[in-house]
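A.B. asks: The structure that follows is given in the form of structure tokens.
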Amino acid sequence: MAICHQSPFKLFTTIPSSSSSSKPKPLLRCNLSLPSRPSLTSTEPEPVYTSVKAFAPATVANLGPGFDFLGCAVDGLGDFVSLTLDPQVSPGEISISEISGDHNSKKLSKNPLWNCAGIAAIEVMKMLGVRSVGLSLTLEKGLPLGSGLGSSAASAAAAAVAVNEIFGGKLGIDELVIAGLKSEEKVSGYHADNIAPAIMGGFVLIRSYDPLDLIPLIFPDGKELFFVLATPEFEAPTKKMRAALPAEVGMAHHVWNSSQAGALVAAVLQGDLPGLGRALSSDKIVEPRRAPLIPGMDAVKKAAIEARAFGCTISGAGPTAVAVTDDLERGKAIGERMVAAFLKEGKLKAAASVSRLDRVGARLVSTIPR
């Protein structure tokens with residue numbers, strides 16, 4: 001059974017600019033059951049659009065000490081999924097007609113059973129009980145594969161939202177996260193710290209996986225927060241990076257990481273950027289195992305701190321490094337120092353961008369009515 005103490009999920013029809021002000025969402029807790037379920041609707045819904053296009057943002061998972069239970073969405077970067085009613089596709093099925101964008105996107109399968117967008121789309125179709133129409137899907141990758149920015153989650157989130165909305169938005173946040181988590185489980189591992197913020201926006205705490213219990217953490221309006229993302233030309237597959245982690249953790253490191261994760265949550269809720277940065281930089285369990293696998297990462301972190309970032313860590317499984325600041329121009333300067341450190345110490349070319357927090361999550365960007 002899924003319990004979500006929030007009004008039904010509403011989507012926006014445009015992507016807000018980074019300068020727009022979004023009101024904080026009310027506190028929400030969703031207790032979600034995970035197994036695939038039969039149709040959640042009593043009757044098969046009629047499509048309300050001929051086609052839709054959805055966007056889902058990049059995400060930063062872990063946030064240092066919050067391995068597998070903390071994540072947030074960042075604006076400006078992400079994937080697009082377009083969905084069209086297609087009489088050439090068998091009823092109740094989905095076909096991936098095109099994948100474009102990132103130069104590595106050609107590696108992705110067009111078989112919907114082996115594509116993160118396809119898997120999530122199929123799960124939503126099952127939940128809705130769609131049997132009478134077929135759908136054609138196109139995926140536009142705005143995120144590099146294996147970048148540590150939630151590439152697979154962005155595709156899954158955009159696809160889940162697109163299918164839900166083309167049939168009138170019958171499902172809520174809980175079902176959409178479950179659909180996306182099914183995709184993540186198959187593609188990159190069973191973790192919700194990318195897919196939950198990709199769908200919900202903002203900061204998200206995964207309190208429990210069994211049952212899945214999601215708590216949004218509301219960063220105060222009026223506080224400036226910028227994420228500096230430095231992504232090298234280096235792929236770090238999530239499954240490989242997870243394999244590098246220790247099977248057991250000592251009590252001292254457990255206590256340390258737990259206290260730092262608590263401090264990070266408090267800093268988010270209070271809008272305390274220096275506190276957020278200190279906690280972000282403090283992981284003693286995961287980052288020490290992964291950083292040596294990313295050429296130059298230690299030097300990049302040091303460069304960011306020396307450039308007056310409040311903190312820096314690996315974004316998700318890497319190789320992207322993420323730093324936080326409260327000033328856009330300083331963020332650009334921090335990014336330049338991080339890129340230079342990747343090149344000098346890691347012999348890797350890198351690109352940097354500066355993004356705000358995405359408070360909205362996955363949403364529609366265009367529709368064509370029937």
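A Cβ is built for glycine as well, from the same backbone N, Cα and C atoms used for every other residue.
These came from TrEMBL, pasted as-is:
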type: DOMAIN; residues: 122-202; note: domain 'GHMP kinase N-terminal'
type: DOMAIN; residues: 265-341; note: domain 'GHMP kinase C-terminal'
A.B. asks: With DSSP helix as H/G/I and strand as E/B, how many residues of the domain 'GHMP kinase C-terminal' (265-341) fall in helix, strand and coil?
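C.D. replies: Counts, helix then strand then coil: 45 helix, 9 strand, 23 coil.
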A.B. asks: Within the domain 'GHMP kinase N-terminal' (122-202), count helix residues (DSSP H, G, I), strand residues (E, B) and coil residues, in that order.
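C.D. replies: Output for the domain 'GHMP kinase N-terminal' (122-202) reads 44 helix, 7 strand, 30 coil.
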